[in-house]
């Protein structure tokens, strides 16, 4: 009994720093944000409880609806493209080329640089008059496109940069899953007479599917909260055309000083995120103790 | 027979090679293009059609950056301070946390694990709203320590979970042997577990460094001058109304990204392990 107790004490003691950090910086402010979402609050004043008024107001707000719709389109398009490019690159890399390490490095690079730097580089590439992309498009008989001048071109612009920056995440997950896959299974399916497409569809894809689902879930919840790339490139414009929830939230909070409404928006984002990530949390938790990833 | 062989060669070697070239171009050309742009004389940065070969290469942009915009190097130093500080806090917290997660399976420890995983999912923007007024009141805005604590809190969950998988690989028998030899539990932890899980520490540091060096949201909201990090200043410079001096901007961006490029090359295997954490069992 003594022994168990002392072991518990040691383990709890070791968990103090991390739990304290998480509680002080994330949990308490998070709960405070949820509480603020039921108040009218501008810094400097005392928050006044106003029931669910903030929620009613934002749900009626056409800018909120606009941001929600944009956010949905943004997440679906971005994650779908990242999935296609990421999985495609992983399958390609899995063929093992000479100088493999170099190719992997070059392909991961976008994931490791700052979103601000990514925006600088792509703004340079996407200049409407002198940019490389419009120059390249001219060979295909397309363009010139007035990048960031119209809603459509702005939306495509932020999608390109987001996909470019994050496709390596899906790629690496798929690539690691492919590398970890037992080769015998593929040999067996070949012996059974499966052609290449059948082998991929019924064997390889099935084996890497759980890993891909983790990658996709992560990317969905992260694309949902994308702020930097959009704020730097378009600030949500033109005319709210690229405004998604985090941008809406920023405006409500720091432009109109409606902290209560901002808090309500962030609470909605939090709930959506948690609902989406339940299966992911369960899987990672199980993996932590049962060694089945 | 010969045509069949040729077809195979085409499908097996040439086609994948071409596809790889396309993917690598997509991923890396924007970076190369920015590096090339930063090395061109300012007049040639917007050459149309774009040219990559010619007598227009020089270090002018970098020289001008040093001369006209020396504050930027102060911002790089800020980024460095914040990144190192974050790494330090993260490692201290996650080394103990990972050990507890790995070696104890009490219900409270398991609950802490679950809690840590859930925390990982929370959008950072949620803490911005309540913290902004508080930090303003207590004079914590525009301080290195503020960014360090925020970054550490949002990184420590993933690094602890990641490090746990490394601590799991350290045989308990080794620690027990140390206990029999007269070490205390803490000494065993210090002398056996920590050195043997060094790769986990490396992986955690890399991840923290990539996050803290590049982060924008918190830097944008909680710093302005004294503690402003390089990404924030780059974004302000790009958005300035005075018309952008692209030569200097590209040079500044390239200086910021070079350490990350070196990192992706040097520690690739750790990076892959960290990125696929939770998805693929290593």
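Each Cβ is built from the backbone N, Cα and C atoms, and glycine gets one as well.
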Listed range which TrEMBL flags as transmembrane segment, given the options B:188-213, B:214-239:
B:188-213
Look up transmembrane segment in TrEMBL and report which of B:14-36, B:37-59 it refers to.
B:14-36
Between the stretches B:14-36, B:76-101, B:113-135, which one has more Cβ pairs under 8 Å with the transmembrane segment (B:188-213) than any other?
B:76-101
Cβ under 8 Å, sequence separation of at least 6 from the ends of the transmembrane segment (B:113-135): give me the contacting residues as numbers and ranges.
97, 101, 141, 146, 150, 154, 157-158, 160-161, 217-218, 221-222
